[in-house]
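Peer 1: One structure, pasted below without further comment.
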Amino acid sequence: MTCVVQKYGGSSLADMDKIKRVARIIADVKAKGVGVAVVVSAMGKTTNHLVEMAAEVSPRPPRREMDMLLSTGERITMSLLCMALSELGAQAVSLTGSQCGIITNHRHNDAQVIEVRPFRVLDEMAAGKIVVVGGFQGVSYRRDITTLGRGGSDTTAVALAAAINADRCEIYSDVDGVYTSDPSTVADARHLPELSYPVMQEMSVAGAKVLNAQAVQFAKEKQIAIYARSTFDRNRETVVRRFAPGEVVGVQAVVSEKEIVRVRIRGSRVLSDFNRALEILENEQVPVKEVHVTRTQGSTVSPRATFVVSSTNIYGWDAIQTNLARELGASIAFDDHLGALSLIGEGLNRTNVTLIEAIELLKNNAIEVFGISTTSFRISLLVPRESVAAGVRVCHANWILENG
Ligand SMILES: Nc1ncnc2c1ncn2[C@@H]1O[C@H](COP(=O)(O)OP(=O)(O)O)[C@@H](O)[C@H]1O
Ligand SMILES: N[C@@H](CC(=O)OP(=O)(O)O)C(=O)O
């Protein structure tokens, strides 16, 4: 029997009417004799509302309790969807992440899936039921409820598809696939029918929330093709899958992240201060990126360390920043007015041409650059937060629209 995992995001399940429409779609698939496991996210903006509720109670909520709170959003959707399926005469059962055997590490709010033990899911499917799984959540080996980071239901879907050996993993949202830039800010963004794992992964890491970065990483490891589609408009899709390493294709997408904080550490004790900052952040389970430590032999230039934090989804970030400032005193400084825009493409940095052009282009458009970092698939530029959207548009117009 063919078996699919379908994931429906919060935008597809935002109200009761949409839940009923999704139930009809799933029941039709099942009626064709296909085994279906469905992963759901919390309805609409529910997770955001839960985060706001927590912030009203505590500026620095305990991470374990955040997970307990946030995991409830998906429980609401999964039970309502099963009720709607049952109204249609379909047999369905809802299961939490822990009931599905989604085992994670103990990193609350940003847990990694370590293993999936899908026995219950397989039993229910073998009994002919549609299994509806609460996405974005698991259980740690210490038996605490964990969540997989914002957008983490995509990861649940891919991990489950691998564990039950599904024929397809389909991710449904309000867009009909992946575009060259976020279509909600770049009106003329172009649809991409297919993408390689590394390009998609760089896009997700750099802020394209249409697919979650951990989900793409998982899909790459397990060689699962992801079909990104729109729930209510089925004309197009994007397939993310393995491709033979290709030739240089230049800029394929322009993505952005609105809230970046750059942390700078200076002074004679730079390495120990840097270590101390990392310890504090690790204690709070805050990941850091783009680490640079510079010491020049025999020079009078003072050594420095810098790194960046994507602060958007770190609950209680302001309190953490205040604590860092208190612990490290004058040797630490924060640039907290920045965002990042990133050019993504295979072989992008095999020459320096794109980087040179990017610096020129932003300068000509009066957008100041405060930092640059590269990988073989990406050029990221730190720019003022208020210039991110304009920067994305000029880069998209220059590389994607001009080059056809
Ligand atoms: N490059 C991109 N291509 C398509 N969508 C993108 C891209 N970057 C960001 N997005 C945004 O991702 C959204 C879909 O993801 P998400 O909000 O997680 O949906 P859902 O809540 O349904 O899971 C789109 O509405 C779109 O604004
Ligand atoms: N509800 C969670 C998990 C998730 O995956 O959501 P969505 O699929 O709607 O992006 C979140 O808002 O982050």
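Backbone N, Cα and C atoms are what each Cβ position is placed from, and that goes for glycine too.
Predicted automatically and left uncurated, TrEMBL annotations should be read as such.
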Peer 1: To which of Tyr141, Tyr179 does TrEMBL also attribute binding of ATP at the site defined by Lys7, Tyr8, Gly9, Gly10, Lys209, Val210?
Peer 2: Tyr179
Peer 1: Between Lys7 (ATP binding site) and Glu74 (substrate binding site), what is the CA-CA distance rounded to a whole number of Å?
Peer 2: 12
Peer 1: Restricting to the same chain and to sequence separations of six or more, state which residues have a Cβ under 8 Å from that of Thr47 (substrate binding site).
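Peer 2: Those within reach of Thr47 (substrate binding site), by Cβ under 8 Å and sequence separation of 6 or more, are Gly10, Ser41, Leu70, Gly73, Phe136, Arg150.
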Peer 1: When the Cβ positions of the binding-site residues Tyr8, Gly9, Gly10, Tyr179, Val210 are compared with the atoms of ligand 2, which fall under 6 Å?
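Peer 2: List returned for ligand 2: Gly9, Gly10.
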Peer 1: Anything from the binding-site residues Tyr8, Gly9, Thr47 with its Cβ under 6 A from ligand 1? List those in sequence order.
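Peer 2: From Tyr8, Gly9, Thr47, counting a Cβ under 6 Å from ligand 1 as near, the near ones are Gly9.
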